[in-house]
Amino acid sequence: MPSHQPQVEPFVMVIFGATGDLARRKLFPALYGLFRDKKLHERFAVIGIGRRPITMDEFRDTVRKAIDEHSRLEREEAGWADFVARFYYQPLNVKDVSAYAQLGGLMERLENEWNLPGNRFFYLAMAPDLFGTVSTNLKASGLTETTGWKRLIIEKPFGEDYESAKALNDQIRQTFAEEEIYRIDHYLGKEMIQNIEVIRFANSLFEPLWNNRYIDNIQITASETVGVEERAAYYDKAGALRDMVQNHILQMIMMVAMEPPSRLVPEAIHAEKVKVLRSLRRLTKDEVNQYMVRGQYQAGVLDGRPVPGYREEENVDPHSLTETFVAGELYVDNFRWSGVPFYIRTGKRMAQKSTEIVIQFKEMPKNLYFNKNGDLGPNLLVISINPVEGLHFVLNAKKPGADNDVVPIAMAFCNDRGGSPEAYERLIGDAIKGDMTFFTHWDEVSLAWKFIDPIRRAWDQQDESTLHPYRAGTWGPDAAHQLLSRRGARWWPSRNQGTMPVIQGNQAIEIITCK
Ligand SMILES: NC(=O)C1=CN([C@@H]2O[C@H](COP(=O)(O)OP(=O)(O)OC[C@H]3O[C@@H](n4cnc5c(N)ncnc54)[C@H](OP(=O)(O)O)[C@@H]3O)[C@@H](O)[C@H]2O)C=CC1
Ligand SMILES: O=C1O[C@H](COP(=O)(O)O)[C@@H](O)[C@H](O)[C@H]1O
C-alpha cells in the first residue's frame with residue numbers, strides 16, 4: 001500500500017492489440033471502472049491499434065460491447081457518450097516502422113484537441129514476440145520524445161527464460177528507463193495479495209510469530225478447473241512452470257516472506273522482495289525431482305461433465321510432455337525462514353478454482369488438551385485470494401457444552417462487498433498515478449527466471465516417466481501429496497465458498513465461517 005497519493009494527470013494511452021481478447025475482457029472494462037469511479041483525469045484519450053481496417057465507430061462499438069459483457073459495473077447511458085468519445089482507432093502493422101508516423105500524427109492531434117501535456121502511455125497487449133519490435137519502433141519514429149512523461153505497460157510473459165527475458169529487457173531499455181516500465185503480474189492487483197503486506201505489517205500480533213520458530217510450513221495453492229482452452233499454441237510451449245510459477249507463485253512467496261520495508265515506497269518494497277528471491281534455494285539438476293513434481297491432466301469429470309485429457313485438447317501435440325501441474329517444496333535460506341518448507345502447487349483441471357495461502361503454525365510444545373481424535377490441530381492462518389476473498393485464523397477452543405473436547409474454530413474476515421475493482425483496474429489505475437508498487441521490477445523477473453531455468457532444463461531432458469498423470473477434477477498426482485507426507489504434513493483442503501474443512505485425524509470438521 002503506497003503511503004503517498006500520487007496525482008492523476010491527463011494522458012493519452014495507446015493500446016497495441018486493442019482488437020484482441022485482453023483489451024476486450026480486461027482493459028476496456030478497467031478503464032470504464034476507473035472513469036465511473038472518477039479516478040481518471042477529465043482530460044484523457046485512448047488510441048486502439050490493430051491490423052484490421054475497422055473504422056473509429058466500429059472500434060467504439062467494440063468498446064461498448066466489451067463493457068456490456070465484461071464490466072463489473074452496468075453500463076449507464078448517462079456519461080457514456082463522454083467516455084466513448086475518447087476512444088480512437090488507428091490501423092497499423094507494428095512491424096512497419098514507417099506506419100508509426102500516422103500514429104504520431106493522431107497523437108499530436110488528440111493532444112491538441114484534448115489539451116494534453118504530452119503524457120504518453122504505451123500498453124503492449126499483443127503477442128510477446130512483438131514487445132521488443134514495438135518498443136524499438138516507437139523510439140525510431142520519435143513517438144517517445146514528448147513534453148510530458150512516457151510509460152510502457154507490458155503484459156506477460158516477459159521472456160521464456162533468463163536469456164530471452166534479458167534480451168527483451170535490453171531492447172526495451174533502449175527506449176524506456178526502468179522506472180518507466182510497468183510489467184504486469186495481474187496477481188499483484190488482487191485485493192487479498194495486496195492485503196498480505198497490510199496483514200503482516202499492520203498487526204503486532206503476527207510479526208513475532210512470522211518466522212521459523214513458530215511457523216511449520218507455508219502452503220500456496222493456485223488451482224484452476226479450466227483446461228488449456230484456446231491457448232494451446234502458447235501453453236503447450238510454456239507449461240505451468242513458466243505460466244504460473246515463474247510469476248504469480250513466486251510473487252506470492254515474496255509477499256509472504258519479505259522483510260518489512262523501511263518505508264512504503266516502491267523502491268523499498270522491491271528491494272525487500274528481491275532479497276527473498278536471492279535467498280530462494282536454487283535446485284541442481286539432481287535435486288529437481290526430489291523437490292519438484294510435474295503432472296499432466298488426463299480425462300476426468302468436472303462439475304459432473306466429462307472433460308478430455310490434455311493431449312486430447314484442440315491444438316495440443318498428442319505426445320506433449322508439457323506439464324499442466326507443478327508442485328514443489330521450496331526453501332528461503334535466510335535467518336527468518338531457514339528450514340521452513342514453502343509448499344507450492346498449481347494446475348489446470350483440478351478439483352476447484354482456488355488461490356489460497358495457508359500459514360501453518362508449529363504444534364504446542366506440550367499438549368494439555370486433546371480432541372476426541374486424540375490430537376490437537378495446528379493454528380492456521382488462511383489467506384483466501386480467489387474466488388473467495390478473506391482471512392481465517394484457525395484456533396483451538398473448548399467445544400461448547402462438552403467437558404473436555406477441543407475443536408477448531410475460525411476467526412474470519414470475508415470480503416463479500418462485491419463489485420470491488422478487478423486486478424486490471426487497480427493496476428492500470430496505479431500506472432496512471434505513476435505508482436510502481438504492484439508492478440514487477442526487472443530484478444524480480446531476472447531472478448525468478450534464474451530460479452526457474454534449471455528446473456525447466458532438467459525436465460526438458462527427462463522422459464514421460466517423471467510426468468505424473470492426474471485425473472481431471474482431482475487435486476493432482478499422488479506425488480504432490482507425498483512431497484508433504486514425507487515430512488508428516490498434508491495439503492490443507494481448500495476453503496470452498498465460505499467453509500473451511502479442517503482435517504483432524506481422519507475426520508473433516510467443517511467450520512462455518514462466511515456466507
Ligand atoms: N487474453 C488474456 O486473458 C490474457 C492475455 N495476456 C497477454 O496479453 C497479450 C495479448 O493477448 P490477447 O489479447 O489474448 O491476444 P489476441 O491474439 O486476442 O490479440 C492480439 C492483438 O494484437 C494485434 N496484432 C497482432 N499482430 C499485430 C501486428 N503485427 N500489428 C498490429 N497489431 C497486431 C491483434 O490485432 P489484429 O488482429 O487486428 O491485427 C490483436 O488486437 C499477450 O501477451 C498475452 O500473453 C495476459 C494475461 C491474460
Ligand atoms: O496468468 C495466468 O493466470 C490465469 C489464472 O489467473 P486467475 O486470476 O484466474 O487465478 C491462468 O489461467 C493463465 O493460464 C495464466 O496465464
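These residue numbers are counts, starting from 1, taken along the chain as shown.
Note that Cβ sites are derived from N, Cα and C of the backbone, with glycine treated the same way.
TrEMBL labels come from automatic prediction, so no person has curated them.
Since the structure is predicted, the reported quantities are computational estimates derived from the model, not experimental observations.
Residues or ranges marked as active site, proton acceptor in TrEMBL: His248. Residue density at His248 (active site, proton acceptor): 22 other Cβ atoms are found within 10 A of its Cβ, drawing on all protein chains shown.
Residues within less than 8 Å, Cβ to Cβ, of Ala23 (NADP(+) binding site) and separated from it by at least 6 positions along the same chain comprise Ile15, Gly17, Gly48, Ala66, Ala125. Sequence annotations record features per position, and here TrEMBL assigns NADP(+) binding site to Gly17, Ala18, Thr19, Gly20, Asp21, Leu22, Ala23, Arg24, Arg51, Lys156.
Taken from TrEMBL, the feature substrate binding site applies to His186, Lys190, Glu224, Asp243, Lys348, Lys353. In the three-state DSSP reading, His186 (substrate binding site) counts as helix. Sequence-distant neighbours of His186 (substrate binding site) (same chain, six or more apart, CB under 8 Å from its CB) are Ala423, Tyr424, Leu427, listed in sequence order.
Summarising the annotation, TrEMBL assigns domain 'Glucose-6-phosphate dehydrogenase NAD-binding' to 14-195.
Feature annotation from TrEMBL assigns domain 'Glucose-6-phosphate dehydrogenase C-terminal' to 198-492.
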Cα-Cα distance linking His248 (active site, proton acceptor) and Glu224 (substrate binding site), given in Å to the nearest integer: 13
Candidates near ligand 2 among the binding-site residues Ala23, Lys190, Lys353, judged by a Cβ under 6 angstroms: none
Least Cβ-crowded entry, counting other Cβ within 10 Å, from the binding-site residues listed as Asp21, Glu224: Asp21
Secondary-structure category, per DSSP, in which Asp243 (substrate binding site) falls: helix
Sequence-ordered binding-site residues from Thr19, Asp21, Lys190, Glu224 with Cβ under 6 Å of an atom of ligand 1: Thr19, Asp21
